[in-house]
């Protein structure tokens, strides 16, 4: 049981790290000396030095991506907190439904954010020299891991 709890906590922390990195790092779209993320656009030289960064445009779709990524982090943190609370207060044989629901919501939020970004980002559709960066890919990797973690929480029963 201890090994199972430890592996679930490691999976949950891995999801949290993926969510934080994908939200913070400026690598959602890269190409031609530019790097774009949810918060700013940066241009770099061939040596890798950052020359100029400016805030991303205030598009409604970008604000919805920002909001859903932040919500996914909040839901995942709440889920981890609720897991520890339920671990000590839940009766024997009880299931971690609330924890699982919050983690599944975190997964759905990150999936929504990545899907909206995929469909709506204008530079990607206009220029084939751009490609998705690693932070964008980490967001997509966090989606199935968060769903898996949430399903494990829902199935998990508390033992002594």
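From the backbone N, Cα and C atoms, a Cβ is placed for every residue, glycine too.
Topologically, per Swiss-Prot, residue 43 is found on the other side of the membrane from residue 158. Swiss-Prot lists transmembrane segment at one of the ranges 2-31, 32-61, namely 2-31. Residues 37-40, 42, 53, 69-70, 72-73, 76-77, 79-80, 83, 87, 103, 106, 110, 117, 121, 123-124, 127, 129-136, 138-139, 141-142, 145-146, 148-149, 152-153, 156 of the same chain lie 6+ residues outside the transmembrane segment (2-31) yet bring a C-beta within less than 8 angstroms of a C-beta in it. Mean model confidence for the topological domain 'Cytoplasmic' (157-160) is a pLDDT of 72.
Contacts of residue 41 (N-linked glycosylation site) defined by a Cβ separation under 8 A and a same-chain sequence distance of 6+ are given as 34, 35, 53, 54, 55, 56, in order along the sequence. Residue counts for the topological domain 'Cytoplasmic' (92-95) under DSSP, helix first, then strand, then coil, are 0 helix, 1 strand, 3 coil. Within the chain carrying the topological domain 'Cytoplasmic' (92-95), a Cβ under 8 angstroms from the stretch's Cβ atoms is held by residues 86, 154-160, all 6 or more beyond its ends.
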